[in-house]
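A short write-up of the structure that comes next.
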Amino acid sequence: MVSPEHIPGDGSHIGRYLGHGIGALRQEDPDLYRLLELEHDRQRQTLSLVASCGITDPSVLAVTGASIVNVTAEGYPGNRYHAGCRYVDEVERLAIERTKQVFGAKYVNVQPHCASFANHTVMQAVLDPGDTIVGMALDQGGHLTHGSPVNLSGKLFTVHAYGLDEHGVIDYTHMAELARTHRPKLIVCGTTSYPRTIDFDRIRAIADSVGAYVLADVTHIAGLIAAGLHASPIDAAHFTTTCTFKQLYGPRGGLIMMGRDAEALAADGKRTLSQRIQSAVFPMMQGSPEVHTIAAKARAMGRLLDPAFRELAERIQANASALARALTAHGYDVIGGGTDNHIVLFRAPEKLNGLIAERALEACDILVNKNKIPGDTRSATVASGVRLGSNTVALRGLGPSEMDTCAELLHAVLDAVEPGDGGAFHLDDAVRTQVSAEVRRLCRDFPLPYDPAPSADLVGAGTEH
Ligand SMILES: *Cc1c(COP(=O)(O)O)cnc(C)c1O
């Protein structure tokens, strides 16, 4: 908790400015203010097991609302196209230094607006249109920007996609075959729904055998990597990208990082790989950076450097393992046989599909997402699987024994729900009431950080259905 002398008073210009902003919003635009308040309460009162979510720390949010946003700062620290950049230069240097420290990186670019942009930027730095890349198929757990046909990455480049083997593990043998046959310039790895450890060294060895670069997009597991709980790709890959809002609990934004290859010469022999990234971010892909977001990244990195983060990361992992175990005990088919990270992917019961499971659970204030599973014949908007993640429940302070409770609640709903046409379903009122009440109890006992009155107004709250 923040001690009272740190709550900004009359002596703090920035604090009063931010406070004025909220007051003005409430007075001048009550409609929007009400929606923001409702959204805030929705987050407090629901149990989010959405794997691609985190909770941005209030101190990070305060930074994103600060007046530093007013600075237009094209270029890099010490080399801008506008005056007035003295402090944004210091802030950007701070964000870079802290990020280097968190990830043990030699080069960091903190300007990418998001992880998708970071991936496109790496591709623009080292590829020409028409070049060949190898990436993970979207429906196997890759990301759109890894070469999906509906994404720019799939339109600009010739893509050969790998996926999972029959055990649900990345098919490194197929990746190596694709590399041998098609001689790609880039191999993209990193996943959105993969519960197992990624072998970055093995991927680098495959890439080296054909002279390809490796891009590791670690968006989903960046927090575990920062905490040393998953092998780091910083040196194994040429380029590592991530967003900052999922497992790093920071602002919405992206990063590009490099390790031992930062000073390696690019194929043209003239510039280093990190110099190519610098000019690919600006001026090739982006204009002025979001300086408030860069400041918020610095704040998020500061929090990651606090030893307390390792405890959180350990709880993320322990919770996911406990969830996987408990669901297996309830008879669910957990894909990959368990989890090494924050993700648990399981097959929805035979009578249901992913969409109905997601909707029925949301009716009881438990948030998950439908997800395709290996060999899935359903479309991504229906899907046969359910993906869970433990980032938010770990932040709330729930531990492995509460994961048993969560698994029981999930099972109570999925067992009781009766499918209707399309995405419709019927859920017994008694089950819904009982599970919602239990969810409210968990949210009250394990409030989000800085929840001002966790016990008072959560009793009997609940969402409108
Ligand atoms: C979420 C995700 C992204 C997209 O991140 P944005 O910052 O929203 O662009 C990219 N790659 C992977 C692997 C992701 O999981």
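The backbone N, Cα and C atoms fix where each Cβ goes, glycine too.
Note: TrEMBL annotation is automatic and uncurated.
For the domain 'Serine hydroxymethyltransferase-like' (25-408), the mean pLDDT of the prediction comes to 97. Under the heading domain 'Serine hydroxymethyltransferase-like', TrEMBL lists 25-408.
Taken from TrEMBL, the feature (6S)-5,6,7,8-tetrahydrofolate binding site applies to L138, G142, H143, L144. H143 ((6S)-5,6,7,8-tetrahydrofolate binding site) falls within neither a helix nor a strand when secondary structure is assigned with DSSP, and so counts as coil. In the shown protein chains, 23 other C-beta atoms lie within 10 A of the C-beta of H143 ((6S)-5,6,7,8-tetrahydrofolate binding site).
Following the DSSP three-state reduction, the secondary structure of K246 (N6-(pyridoxal phosphate)lysine) is coil. Annotation comment: TrEMBL describes K246 as N6-(pyridoxal phosphate)lysine.
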Checklist entry - What is the number of other Cβ atoms found within 10 Å of the Cβ of L138 ((6S)-5,6,7,8-tetrahydrofolate binding site)? => result 22
Next on the checklist: I'd like to verify something. Among the binding-site residues L138, G142, H143, L144, which ones have a C-beta closer than 6 angstroms to some atom of ligand 1?
Outcome noted: H143
Checklist entry - So what sits near K246 (N6-(pyridoxal phosphate)lysine) in its own chain, CB-to-CB under 8 Å and at least six residues off in sequence? => result S52, C53, G54, T219, H220, A222, G223, N391
Next on the checklist: Applying a 10 Å Cβ distance cut-off over all chains shown, what neighbour count does L144 ((6S)-5,6,7,8-tetrahydrofolate binding site) have?
Outcome noted: 16
Checklist entry - For G142 ((6S)-5,6,7,8-tetrahydrofolate binding site), which residues in the same chain are close in space, meaning a Cβ under 8 Å from its Cβ, but six or more apart along the sequence? => result G135, M136, S148, A161, V188, G190, T191, T192
Next on the checklist: Under DSSP, is L138 ((6S)-5,6,7,8-tetrahydrofolate binding site) part of a helix or a strand, or is it coil?
Outcome noted: helix
